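Asker: This structure is in structure tokens; I'll ask about it shortly.
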Amino acid sequence: MKPYLIAPSILSADLARLGDDVQNVLNAGADVIHFDVMDNHYVPNLTFGPAVCQALRDYGITAPIDVHLMVKPVDRIIPDFAKAGANYITFHPESSEHIDRSLQLIRDCGCKSGLVFNPAMPLSYLDYVLDKVDVVLLMSVNPGFGGQSFIPATLKKLQQARKIIDESGYDIRLEVDGGVKVDNIAEIAAAGADMFVAGSAIFGKPDYKQVIDQIRTQLASVSA
């Protein structure tokens, strides 16, 4: 099993002082910064463009940036985020006319590529593109807004995705996003996830280190 990665979502950060807040959460022990990109077309919200990603790099953030594209179409914006400093770029299969091509484009731009599955979306989109996938991201809420509750059916889906990944033999991360918090992260990890997006569960607390330490303790109980 890969080392667990904690990826706070800046959707829940203090946007008025984003650089400071991101640095603080990294200092507290986060591994990756998760970047929710919404276009008010594919999902009913509008968030961040490549300029914000570039601004974090210019500020001095060196941690991996995990860009989750909730936009349609996707191909136009992929090179812009790669140039702005993204390390991972993931998208929803139904938002691309040519999934294989979009995955290859991400890799051609020097980033790790991934597919994102909404709660009711089947995993069958993976069948013919596993060789081009570095990350499988399962949404455990319906995308668009932070602060929602974890959808329990995601646990079974995580188990299915873990089986697919393990049997493929490829080096693929299994990420989960939505409603992840201290009191459910252990069962989420036990179902097979190794990368965890948490927004309000971390940024909504006054002491980031305390909550990340609590998360690490829960994760250690799974791998023990």
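Note: Cβ is positioned from N, Cα and C throughout, glycine not excepted.
Below are the features I grabbed from Swiss-Prot:
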ACT_SITE  Asp36  active site, proton acceptor
ACT_SITE  Asp177  active site, proton donor
BINDING   Ser9, His68, Gly144, Phe145, Gly146, Gly147, Asp177, Gly178, Gly179, Gly199, Ser200  substrate binding site
BINDING   His34, Asp36, His68, Asp177  divalent metal cation binding site
Asker: Which ones are near His68 (divalent metal cation binding site): of the recorded positions Asp36, Gly179, Ser200, which have a Cα within 10 Å?
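Answerer: So the list is Asp36.
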Asker: For the residue listed as 'active site, proton acceptor', identify the closest of the recorded positions Ser9, Asp177, Gly179, Ser200, judging by Cα separation.
Answerer: Ser9
Asker: Report the residues of the chain - excluding His34, Asp36, His68, Asp177 - with C-beta within 8 Å of the mean position of the site's C-beta atoms, for the recorded divalent metal cation site, in sequence order.
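Answerer: Those within range, site residues removed, are Ala7, Ser9, Leu11, Phe35, Asp66, Leu137, Val197.
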Asker: How many neighbouring Cβ atoms, not counting its own, are there within 10 Å of the Cβ of His34 (divalent metal cation binding site)?
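Answerer: 27, counting other Cβ atoms within 10 Å of His34 (divalent metal cation binding site).
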Asker: In Å, rounded, how far does the Cα of Asp177 (active site, proton donor) sit from the Cα of His34 (divalent metal cation binding site)?
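Answerer: One finds 10 Å between the Cα atoms of these residues.
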Asker: Measuring Cα to Cα, how many Å separate His34 (divalent metal cation binding site) from Ser200 (substrate binding site)?
Answerer: 12
Asker: Which has the fewest other Cβ atoms within 10 Å: Asp36, Ser200, the recorded positions listed?
Answerer: Ser200
